[in-house]
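Right, one structure below, let's go through it.
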Amino acid sequence: MSERIFITGIGTGVGKTVTSACVVEALQADYWKPVQTGLKEGTDTDTVKSLISNPVSVCHREAYCLEAPASPHLAARLEDVNINVKRILELAHSIQPSNRSLVIEGAGGLMVPLTEQVFTIDFIQQLEAKVIIVAQNYLGSINHALLTARVLKQHAIPVLGWIFSGEYHSNETEVIGWSGYPLLGRIPHTGLVDRAFVKEQAEKLSLW
Ligand SMILES: Nc1ncnc2c1ncn2[C@@H]1O[C@H](COP(=O)(O)OP(=O)(O)OP(=O)(O)O)[C@@H](O)[C@H]1O
Ligand SMILES: C[C@H](N)[C@H](N)CCCCCC(=O)O
Ligand SMILES: [Mg+2]
């Protein structure tokens, strides 16, 4: 089935890219990072490409690759680039596979601005995508996670559920309960993240 699944996070650096690779592998879906910011340490697309092993998935080229490791609206300003959301939506339409899903990874969390007018939450709405929320357990994550859940609810965006990246903490059981969204799985931080790890984790996810 050809769906759009948007991978958002309760913030940046919470494990969206590694989780995206696991979801792509589990669904044999395509992957797309429309706006990549920060190029020095490589791109999320290159990371996902290096972590998946199924013969079907296609990792599509970004719509924008911006140097500065910053919010897209700022990274674009620093390079005098105008992020055109209409163009990104047209691109989404053109790359959408007919017979498999498209996993789309955002930059940071829901309220990250793509432009001064369009925030990531607005972009998700315009994409008509379903959402997987990637979360981690740290001091402050209850607030970040429930803010994310609240904004998705207020925008009536369909949420498939949570994937937690890292170790379990009792907080997450309460966050899941308060949010009403199901737990789809956990990606442990056991050290080496390679193709074998991603394949193993992909098999454990309960995505449908
Ligand atoms: N399961 C894991 N095991 C070990 N390290 C991990 C795991 N998941 C993520 N990491 C590491 O944590 C860091 C952040 O992860 P990742 O790049 O997936 O975050 P992100 O949410 O995609 O960030 P961004 O907002 O920049 O896209 C990376 O160095 C990554 O290698
Ligand atoms: C540079 C990094 N890799 C992310 N993709 C960009 C995260 C932007 C976060 C903006 C913010 O919430 O302050
Ligand atoms: Mg990422």
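A Cβ is built for glycine as well, from the same backbone N, Cα and C atoms used for every other residue.
Binding of Mg(2+) is attributed by TrEMBL to T17, D46, and the same site annotation extends, among E105, E116, E128, to E105. Neighbour density around each Cβ, counted as other Cβ atoms within 10 Å, peaks among the binding-site residues T17, T37 at T37. Distance noted between the C-alpha atoms of T17 (ATP binding site) and K33 (active site) is 9 Å.
In this structure, the binding-site residues that sit close to ligand 3, with a C-beta under 6 angstroms from any of its atoms, are T17, chosen from G15, T17, D46. A simple Cβ count within 10 Å picks out one of the binding-site residues D46, E105 as the most packed, and that one is E105. The 6 Å Cβ screen around ligand 2 retains nothing from the recorded positions T17, K33, D46, E105, H189. For T37 (substrate binding site), the nearest neighbour among the listed binding-site residues (G13, E105, G108, H189), judged by C-alpha distance, is G108.
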